[in-house]
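S.K.: Mind having a look at this structure? Questions to follow.
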Amino acid sequence: MKKFLSFKPAEDFLRSLKKSSQWFLLIIIVEVTITLSFEGYVFHHFRLITVEKIDVFINAMVPSTFALFCMACPYLLYTAVDALLNKDVIQMSALLIFHVSLFCLSVVQYFQIFSKDPRAIFLSALYLIDPIRLVTSFNYHERIVVNSHMLLFYLKPFVIALPVLIGVTCILLSFLVYKMNKAFGWIMYQQHGPDLRMRRRYLVYKIFMSLIKSDYYFCLTATVQYAIFFSTISRVGLALTILVFPCTIATLMTCRYAVYRENRALLGIVQFMFMCGLAYFIYNCARLYLGVDYGDIAVANICMLVFSIVTIIYLFTTIVVGFYCISNFGYGLREYLRYIHQKQKVNAAPAVPKVRMPLDD
């Protein structure tokens with residue numbers, strides 16, 4: 001029980017970090033905590049706004065952005081810890097690019113939430129409400145709309161603070177990554193050796209692995225957004241969207257195995273699945289943009305459209321780098337990866353304590 005409750009591995013990990021790495025992890029933890037708090041506060045108060053058909057607008061908009069940021073926070077924390085554990089500057093740089101995309105999405109979220117006045121939404125939805133119920137409960141609905149307008153006013157500082165927080169965090173992390181790149185330079189040289197060609201192949205491999213980790217977040221989060229969105233449109237679309245989950249996870253796991261084992265046939269199948277996924281996201285992106293069968297909800301969900309475009313860019317980049325990885329097969333990268341993995345195990349192993357042998361009299 002004491003071993004189970006022991007925090008010694010975490011303590012050893014924190015002690016092994018330098019000051020710049022500790023600040024890097026601390027900033028990520030603070031950012032994740034504040035982001036979850038702000039998004040949870042906004043989401044909770046938005047759920048209070050329910051006015052007949054107006055709640056369709058709210059239900060289609062707010063949960064999708066809430067799911068986006070809620071899934072981003074564990075991804076940020078995991079990627080930061082993994083990058084510091086492996087002293088992977090490439091993954092840290094990928095984390096900075098991820099922050100830029102998250103900053104753009106937080107700005108889009110602000111314009112999405114405050115683009116329409118609740119009164120205008122209410123008046124545009126009058127024809128959808130039963131006339132008898134409208135006459136008998138108009139004052140009730142009007143009072144809720146006024147309260148909703150005041151609620152949006154009180155929530156505005158929290159929604160504005162989110163892109164400011166992400167932007168400042170990105171600037172601070174950029175400075176720390178620059179310092180850590182200098183500190184880890186000699187360590188990386190000791191691990192990889194002076195062979196420039198092999199180092200370039202290894203660099204492409206690490207970039208591809210970072211893209212795969214990003215694809216986990218973007219593809220699965222986009223699928224969650226589509227599932228929330230399609231739940232208000234059709235059950236068939238919801239069922240098909242849920243089926244994308246296991247296919248995405250299986251494809252990305254197979255991709256990691258195929259690259260590490262240098263299996264051309266398996267990675268070729270994975271590349272084909274990536275192209276199918278790219279076509280799937282382009283199709284949904286086009287439907288969101290054109291507003292087919294969605295009506296006003298498509299106009300409201302700009303954030304989902306922007307997120308789909310970012311997912312398409314990441315997936316397309318993964319496909320391009322994947323073909324580059326296939327061209328590097330057969331040049332000793334597989335053995336090189338095994339050598340680095342064994343070397344990291346040896347370096348991570350605890351030192352054998354020196355035991356004094358007593359002298360015989």
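Counting begins at 1 with the first residue displayed.
Keep in mind that glycine also has a Cβ here, set from the backbone N, Cα and C atoms.
Here's the feature list from Swiss-Prot:
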type	residues	note
TRANSMEM	23-43	transmembrane segment
TRANSMEM	56-76	transmembrane segment
TRANSMEM	94-114	transmembrane segment
TRANSMEM	120-140	transmembrane segment
TRANSMEM	158-178	transmembrane segment
TRANSMEM	207-229	transmembrane segment
TRANSMEM	233-255	transmembrane segment
TRANSMEM	265-285	transmembrane segment
TRANSMEM	302-322	transmembrane segment
S.K.: Would you say the transmembrane segment (265-285) and the transmembrane segment (233-255) are in contact under the rule of three or more C-beta pairs closer than 8 Å, pairs 6 or more apart in sequence?
M.R.: yes
S.K.: Using a cut-off of under 8 Å between C-beta atoms, tell me which stretch among 23-43, 207-229, 302-322 contacts the transmembrane segment (265-285) the most.
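M.R.: Top-ranked stretch among 23-43, 207-229, 302-322: 302-322.
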